[in-house]
Ligand SMILES: NC(=O)c1ccc[n+]([C@@H]2O[C@H](COP(=O)([O-])OP(=O)(O)OC[C@H]3O[C@@H](n4cnc5c(N)ncnc54)[C@H](O)[C@@H]3O)[C@@H](O)[C@H]2O)c1
């Protein structure tokens, strides 16, 4: 296997999510080169120009519109191409449309590059990660989805606001599907080692059932609310993409809730979903044995079943 060139990334799909992600990657100087590919060539060219005009205020790098042959020497290929949710539409409603798009994109990737890491961002992200894995034939560690990285960021943000503490000091994960069956893993949530309920009590909150339900619902409904108000979500996911890319490029071995193919862990098999995972230069390193309560484990199985029935209905 060739050594991955982490100086270069590709973004396939340059809509709201693709362009916000590239903008964030540019600001973080994560790569020296990013090629933008979109079915709408003008869109890719326009975004490449617009984002490049910020370079004098950042660090030198090449950002340009290209085509599939430009993937040949990219170490990381990010896929955000696909329709987004319309108001009232669930992520799972997008399955048919976006699976068809992936059937046109993945063979093109494989034609020019068999060594890259694939990062799937388009929705429904867990299903499409599994589609990308199947169609590419890449090893499981090299195909991952952004999963619940964004949901977990929303969770930390809301908990930080609620508890009057830096969101970076909150250690908490949303697990399972990036979608309606996702689970807030409260039992292991903590603020720098202080169990979450204890920290809540320190701040004067004692009605745990009401507060946890409210916050978990708010996380789950964030995308619906933003889409209703402004049509699409893209800044939060742009930062999430950057965070995952940094972990890979710098071989950080960071623990992130990315969507990966689960085999024999947590009693699950044959489905892509998010659990806290060590992420580094090989993509997925390993899942960590995250502590879940019995109820959370049961919810995780339910979430996996939801995804499996979608996979089955879609013939994946
Ligand atoms: N994973 C997450 O947390 C998360 C968050 C927000 C949005 N999303 C998803 O990201 C996807 C993109 O959302 P968006 O708001 O950027 O949509 P958008 O409509 O703004 O952009 C989609 C882009 O994909 C391009 N495209 C379509 N078919 C293509 C093909 N075959 N090849 C190349 N390009 C193609 C379109 O031309 C368009 O520019 C959606 O599926 C959305 O649901 C995921």
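Cβ coordinates are placed from backbone N, Cα and C, and glycine is handled just like the others.
Just so you know, TrEMBL annotations never went through curation; they're auto-generated.
Just so it is clear, the model here is predicted, and its values are computed rather than measured.
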Study note, to complete from the structure: Joining 85, 91, 123, 124, 125, 126, 151, 152, 153, 154 at the substrate site recorded in TrEMBL, out of 233, 286, is 233
Practice item. Just give me the nearest neighbour of residue 233 (substrate binding site) among the binding-site residues 38, 123, 156, Cα to Cα. Key: 123
Practice item. Other Cβ atoms within 10 Å is the metric here; tell me which of the binding-site residues 125, 153 scores highest. Key: 125
Practice item. Starting from the Cβ of residue 151 (substrate binding site), draw a 10 Å sphere and report how many other Cβ atoms land inside it. Key: 29
Check your understanding: Taking the binding-site residues 13, 104, 156, 233, which residues show a Cβ-atom distance to ligand 1 below 6 Å?
Key -> 13, 104, 233
Check your understanding: Here the recorded positions are 156, 171, 178; which one has the lowest number of other Cβ atoms no more than 10 Å from its Cβ?
Key -> 171
